[in-house]
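Novice: Below are the structure tokens for one structure; questions will follow.
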Amino acid sequence: MRLQIKNIRIVDPSQKKDSVGDIFAENGRIVSKLSSSADKVIDGKNKIAVPGLIDVHSHLREPGQEGKETIKTGTRAAAKGGITSVLCMPNTKPAIDNAPTVEFILLKAQKEGIVNVFPVGCVTKSSAGEELSEIGVLKKAGIVAVSDDGSPVSNSQIMRRALEYTKMFKLPVISHSEDKELSKSGVMNESKNSMILGLRGIPKQAEEVMVARDIMLAELTGGYLHIAHVSTAGSVELVRQAKKKGIKVTAETCPHYFTLTDDVVRVYDANTKMNPPLREIKDVEAVKVGLADGTIDCIATDHAPHTAEEKNKEFDLAPFGIIGFETLLSLVLNELVDKKVLSLSGAIEKMTHNPALIFNLEGRGTLKEGAIADITIIDPKYSYEFTKESILSKSKNSPFIGRKFQGGAAITIVNGKIVYTAIRD
Ligand SMILES: NC(=O)N[C@@H](CC(=O)O)C(=O)O
Ligand SMILES: [Zn+2]
Ligand SMILES: [Zn+2]
């Protein structure tokens, strides 16, 4: 397949490029010119081409929880959101703590998936927190990082060993930073709102204590630490100071943490329940400052599908998590770029170049010649309301249903092939 994208604004942070031109792809790679005429020509007028978006934090639920999501449905939802690569967390059933499960996911992704899937392996066997998983074997099978996401690695000694051991494989350890004793039985942020609602709160310190611990252990070991879903002003400051000291730590946040506060929990909607929970306006502002000053490297979705039956319970009993693939790009454009928190290039960098660097995804996150032809074409003028009916994910647990957006993915290209085109009049 020979592809030409004509006359398009190209924004590629990896090359500090923002200019109008053509993009050519042949045999799944970016090339400077095609060997013969194009099979497909895309008109780039009024559109923007960026490297394919990489979501470094998602839950595809397969194997084991196919009622919530599958690789097939999840990757379709991702493609619609302009995402060309996803890292998928290991809290599946069985957990990704063995080579056959990694192989199963890679094979399924190849057969039924339409975007690239990069599995994350468990830090500890079954993510039970007791014994390190066979990380070397998992690395050979194809994982790009380790995490016990969904749970923290509570035992500091095990976290130390994980950071030490993964160093030789250059595998980042993704920290779901939560002190389980402090968060125990909490269902939302601990604040005035939790008091008014009579819901048990999760203090910000439940996150920050573990961010601080893991930074100390990264300093001790020289390991590669990546902090997942940063939600508080205190966590942002801890990462900022650690980076100043030269400690190898990177961090991600998610659109809901720079868009919503725990005020929205007041309607008792379980689609506003996730872990870590929505915080307060000063945290939202601090997360934005952290994005702007480079403290936070990545914007990821933490796409966490749960069925309607599960979410339609009392707030207390509903599971934590919201979907995110289909709203990522629009939220970044409307909440960060339009509001001048980040430039377009600065925002795209956190979903392309930075993820590729942190997780060693060679040939991705860039539109340089020779790179893999993963490309997202943005339509900045596309206005729409995000409706439940439009959701491609198997689960519909989004707090953004009913929100109006301007700007989204028009065409998503993975390995040189068009995997999603918006049908719009
Ligand atoms: N974020 C969530 O609220 N839920 C995630 C787990 C996690 O990311 O910690 C899930 O797997 O449902
Ligand atoms: Zn988590
Ligand atoms: Zn997660």
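Residue positions begin at 1 at the first shown residue.
Each residue, glycine too, has its Cβ placed from N, Cα and C.
Remember, predicted model here, so these are calculated numbers, not experimental data.
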Novice: Using only what TrEMBL says about Zn(2+) 1 binding by His57, His59, Asp302, identify which of Asp148, Asp149 is listed for that site too.
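Specialist: Record check against TrEMBL: Zn(2+) 1 site with His57, His59, Asp302, extra candidate from Asp148, Asp149 is Asp149.
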Novice: Given that TrEMBL annotates His59, Leu60, Arg61, Asn91, His306, Phe320, Gly321 as substrate-binding, name the residue from Asn116, Asn275, Asn334 that shares the site.
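Specialist: TrEMBL names Asn275 for this substrate site.
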Novice: Figure out which of His229, His256 sits with Asp149, His176 in the Zn(2+) 2 site per TrEMBL.
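Specialist: According to TrEMBL, the candidate sharing the Zn(2+) 2 site with Asp149, His176 is His229.
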Novice: Given the binding-site residues His57, Leu60, Arg61, return the subset with CB under 6 A from an atom of ligand 1, ordered by sequence, or none if empty.
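Specialist: The qualifying binding-site residues: none of them.
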Novice: Ranking the binding-site residues Asp149, Asp302 by other Cβ atoms within 10 Å, which is at the bottom?
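Specialist: Candidates: the binding-site residues Asp149, Asp302. Fewest Cβ atoms within 10 Å: Asp149.
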Novice: My understanding is the cutoff is Cβ-Cβ under 8 Å with a sequence separation of 6 or more in the same chain; which residues meet that for His176 (Zn(2+) 2 binding site)?
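Specialist: The answer is Ser147, Asp148, Asp149, Gly150, Ser151, Pro152, Ala228, His229.
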Novice: Would you mind checking how many other C-beta atoms are within 10 angstroms of the C-beta on His306 (substrate binding site)?
Specialist: 27
Novice: Measure from the Cβ of His57 (Zn(2+) 1 binding site) and count the other Cβ atoms within 10 Å, all protein chains considered.
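Specialist: Total other Cβ atoms inside 10 Å, all chains included: 29.
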Novice: Cβ-Cβ under 8 Å from Gly321 (substrate binding site), same chain, 6 or more residues apart: which ones?
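Specialist: His59, Lys273, Met274, Asn275, Asp302, Ala304, Pro305, His306, Asn397 - these are the non-local Cβ neighbours of Gly321 (substrate binding site), listed in sequence order.
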